[in-house]
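Look at TrEMBL and you will find 12-430 tagged as domain 'Nitrogenase/oxidoreductase component 1'. Residues annotated as [4Fe-4S] cluster binding site in TrEMBL: Asp36. As annotated by TrEMBL, active site, proton donor applies to Asp299. The substrate binding site annotation in TrEMBL covers Gly434, Met435.
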Amino acid sequence: MKLAYWLYAGPAHIGTLRVASSFENVHAIMHAPLGDDYFNVMRSMLERERDFTPVTASIVDRHVLTRGSQEKVVDNIIQKEKEERPDLIILTPTCTSSILQEDLQNFVDRASITSDSDVIPADVNHYRVNELQAADRTLEQVVRYYLGKARRQGKLDRSITDIPSANIIGISTLGFHNQHDCRELKRLLQDLGIEINQVIPEGGFVEDLQNLPKAWFNFVPYREIGLMTAIYLEKEFGMPYISTTPMGVIDTAEFIRQIQGRVNKWTPAFSNKTVDYEHYIDQQTRFVSQAAWFSRSIDCQNFVGKKAVVFGDATHAASMTKILAREMGIRVCCTGTYCKHDAEWFNEQVWGLCDEVLITDDHIEVGDMIARVEPSAIFGTQMERHIGKRLDIPCGVISPPVHIQNFPLGYRPFLGYEGTNQIADLVYNSYTLGMEDHLLDIFGGHDTKEVITKSLSAETDLIWNSESQLELSKIPGFVRGKIKRKTEKFARQSGITKITVEVMYAAKEALST
């Protein structure tokens, strides 16, 4: 648990609620004080769904603190069971209510005596894990619970489907472009002759989880949610899994070749035919994805000499770094992730593809790094977009956390071959190319010539006087930000705290020698 006014990954209970509300007919009860019960508002605003199961808050107030929570929590569970008739009720505390150190398992045991629904407490340490880790653990806990229940009841069927099939694990509500990615993955797997056995947790039913072992293999598109479940299924049922994210032309081809290997391993048991997806890869790369052609076009030559910074969750940041460095020839001067628990994997993935790696969940440290390396573009989260605006550096959003504009109504996947087109457009449109801003200065446009003179760290703020701000506003917009940053860099190196016109010219002279 960390006290901060902004976090890349939310508190643990948000991860548990994301998984619970992704399933159909599963109800979550949150044992929390007022102020922690914002999940319903957040989901309804961002996902903009017409129908979803809201989370119930069992409020911790002064009366609860006096008498204890057991009676109120148990009553809420029984009431929701009678009203909603859910298949499963998940009880979760928040970081705040966890301070009370109450025995939630005892609450669940009492409620289960009279409830027809299954009731379980979220098995998550709310002090030690964040939203993503909690979501990963909660999904694994639910899958383990229902497979164990089916085994005890003698309903667990270990036979696999007659035709190749797969489970897609980790698609959830409030995920970054998850719904669009899921559609693209279903289309891709259908093209390959792979049947979708189940997609969990989004849209899944817990009573159907007993059929998970029927699939030939599991696929985890995002490491953050679903990897623990895939590892459990491999250990318990011998189910292989694929965790290569099909983002970009190269990794999408690698993903398909891994599927080919999995299918050909099982095919001899059902027929004498093997599959060869190389022709499909070739056709999709040449005629569906425009990214490979675009990377060789004259437009992409504008990226020569351009620098980029990448930051986000482990999955998207690593994949975006590979795309920029291997497929588009853009120099990644720094890449990083806030998933500190996955730092080892992340470093392995980006090794040799960037100048430096930053593993941190401190957005101020990320902002100072961006100001220091002065990239031409940023590819990051909502926070990096804010940082880019302050530094006059364009930013393309490629990872959560994000705001409502990154929950588009139109079809915008980041995975698969259609995803390669979306990413190529995002990269191209993120850079300021040619005389775009200069023409806006001449003919009028969104550039108001407002000069941003604040730096990101409070300890390194520099003061620009009115004359220097006026002089800076006369510089064409497409180079203004670069000159401003170089002037501030010169001032810091020279121990100057107030920037005047004379300092600007001194910086220009020093940097031109």
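The backbone N, Cα and C atoms fix where each Cβ goes, glycine too.
Averaged across the domain 'Nitrogenase/oxidoreductase component 1' (12-430), pLDDT for the predicted model comes to 90. In this structure, the CA atom of the residue listed as 'active site, proton donor' is 48 Å away from the CA atom of Asp36 ([4Fe-4S] cluster binding site). Residue with the densest Cβ environment among the recorded positions Asp36, Asp299: Asp36, by other Cβ atoms within 10 Å.
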